[in-house]
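One structure below.
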Ligand code: K7E
Ligand code: CUA
Ligand code: CA
C-alpha cells in the first residue's frame, strides 16, 4: 500500500505527528494516491477503532496457538494486547507447568516430552454456538490433544492419540453439542509400525481420522483413510465432517506429493460410523482398545470428492451450507454443498464432484477461509500476500455460468498469510466485525531482532464494505491459527475453589498423610521420601525452615490461603530447578531430590506484597 502511495513508511511516520509505530499498516483502501493528510486521517481512524483505553476492557477474547512454542496465548481484541499465556505442551518456568505434580499428572505418559507444536485452537459449542466451557488444541509434534478449561484458563486434560503420527487438523462437533473432538493424523505409517516394513504405499500403511470424546478426553474411534489428512471441519447438522488430503499419492517426497492434479476432500458420515461401532463392526490395533473402522474408498462410511491440488484449509460456512476447501497449489477454492451429501452417501450421483457447486478463482496459494456472516468469505492467499474477500452466493452462480465478479476486494497483508479468522466465524453467531490474519513473515515491519523475525498478526476491520487494516502485532513462533469469543461468553473464576479437580490428586495425597492443607505446616517422613506441607499467606510461608537428609526425595506442597484476588505466590528452591505458581486458594506441589547438603533458600517468585522479597525460607540438608 505504501509503495503505491509513493511515501516510504518511515518517511511518513517521521513526518507525521502520529506515534504508535504499530499502526504503520493503517490504510484507507481504494484511493490510489494518498496525501500525507489522508494518510494521517486513515491512521487516526484505525487507531480510534482499536483503541482500548487504560482500564477499559476488550470486546473479545482471542485464543492464539503458540505453534511449536507449545503454549496457548490469550489476547484481547481489538487491542491485540496479550492477556495471558497458558502453558500446554511446553515447560513453563513461571507457573511450573511441566514441573509440578499437578501438571505432570495431567501430562500423564507424555510428561517426558518437553516440546509441542500446536496449530488449531477451537472452542466447545452447543447447537453451533460457543458454550464457554473448553478450548481444545492439537500437538502435531507428539500426537496429542489438550483441553483447556476456560473458567480457570488452565489445561486440564491431555490425550496422546494412539496408532498414528502427528495430529494436525482439529475441529469440534458443533451440533447438537461438542460430543467429539475431530483430529486428523497427518502422516502415513505402516501397521504395525515395528520395523518389519518401511514402505508406506502398501494397503497396510495408512493414517487415520480420529474422534475423541470431548468430556471424558478418551478416544472414541479411528477411521482408516486413503491418502493422508490435513485440515478438517464439522458441519451444522452434526452428521458430516470433511477433511482435506494433500498426499493422495501416498508419496514420500515433494515431487511425489504434487504428482496428481487432484487430491480430495474426504467426508465422514458420523452416524454411520457410530452405528458400525455400536454393531461391533470394528477392529482394534495392537495393544490399543480403540475401535477402528475402515473408511477407505468403497466404504459406506466415507466419500472421496476429488479437488485440485494439494488442498489445505477446510472451513464450513456459518450458514451451514458449505464446506470450502482451499486449493493451495490451485488458485481456486472448492465449494461443497452440504445439502447434497445425503445423496452422495446414498449413491445418487455418478460423479462425486456433483456436490461441488463452486470453484472461485481467487489468486495464488489459497490456504484458509473465514466468514463474516453476511455471505462473504475471506481467503488468505499465501503467495500473493493478500486476503481475497468474495461473495459465496455469487461464486456459486458464476460456476453455473452467470457472468459476475464475485471478488469484492483484495487487501495486501504483510506477509505470506496462513490462517485468518473472523470474529465468531465458526459459529452461527458470525458477526463480521474483526478479521485476524496470521502472517508468517514480518520482514521490515518491526524493529529488527536479528536473523529470527517475529511473525505479524494483523487486525482488519471488516464491519464495513471494505476491509481496513488497522493493526500490526508481532508474535513469536507460530500462531498457525486463532479463535475469538465474545467476552460475555466466558465466565472465569477470580480465585480457585478448594474442591477444584486441578489439584484433587494432591488433596487426596494430603488426606492420606492426615494433613489439613488450609491449616497444617508439617513434615511427613516416609522412608527416603519427605513430604513438606505448608500454607502461604502474604508475605510468609507457614514454614520458614525444614530439615531433610541428603538424597531424600522431597515433595513440597503449598496451599495459598490468601482469599484476595490477584495475590498469587510462588515457590522457588534455589539451585534445584524448582518453581511453581500458587494462586489464591490453590494447592500446588513439586517433587525434587535434595542432593546437596547445606543451607538452601527458597523464596516467593510471584510479587505478592511489599515484603515479597522477605517471603523466604530455608531447606536444611543434613549430609548423608
Ligand atoms: Cu494452515 Cu497447521 Cu492450520 Cu498452519 S495449518 S497455516
Ligand atoms: Cu508471596 Cu511473593
Ligand atoms: Ca498431492
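Cβ atoms here come from the backbone N, Cα and C positions, even for glycine.
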**Study point:** Per TrEMBL, 246, 249, 257, 263 bind Ca(2+) 2; matching candidate in 193, 210, 310, 315
**Key:** 310
Review point. Residue 608 (Cu cation A1 binding site) to residue 119 (Cu cation Z2 binding site): how many Å between their Cα atoms?
Key: 35
Study note, to complete from the structure: Min neighbour Cβ count (10 Å) across binding-site residues 480, 612 flags 612
**Study point:** Spatially closest candidate among 246, 569, 604, 606, the listed binding-site residues, to residue 480 (Cu cation Z4 binding site) (Cα to Cα)
**Key:** 246
Exercise for review: Please report the DSSP secondary structure of residue 263 (Ca(2+) 2 binding site), reduced to three states.
Suggested key: strand
**Study point:** residue 257 (Ca(2+) 2 binding site) CB neighbourhood, other CB atoms within 10 A
**Key:** 19
**Study point:** Contacting binding-site residues for ligand 2, chosen from 480, 606, 612, 615 when the Cβ sits under 6 angstroms of any of its atoms
**Key:** 606, 612, 615
Revision key, fill the gap. Among the binding-site residues 119, 368, 569, the one whose Cβ has the most other Cβ atoms within 10 Å is 569
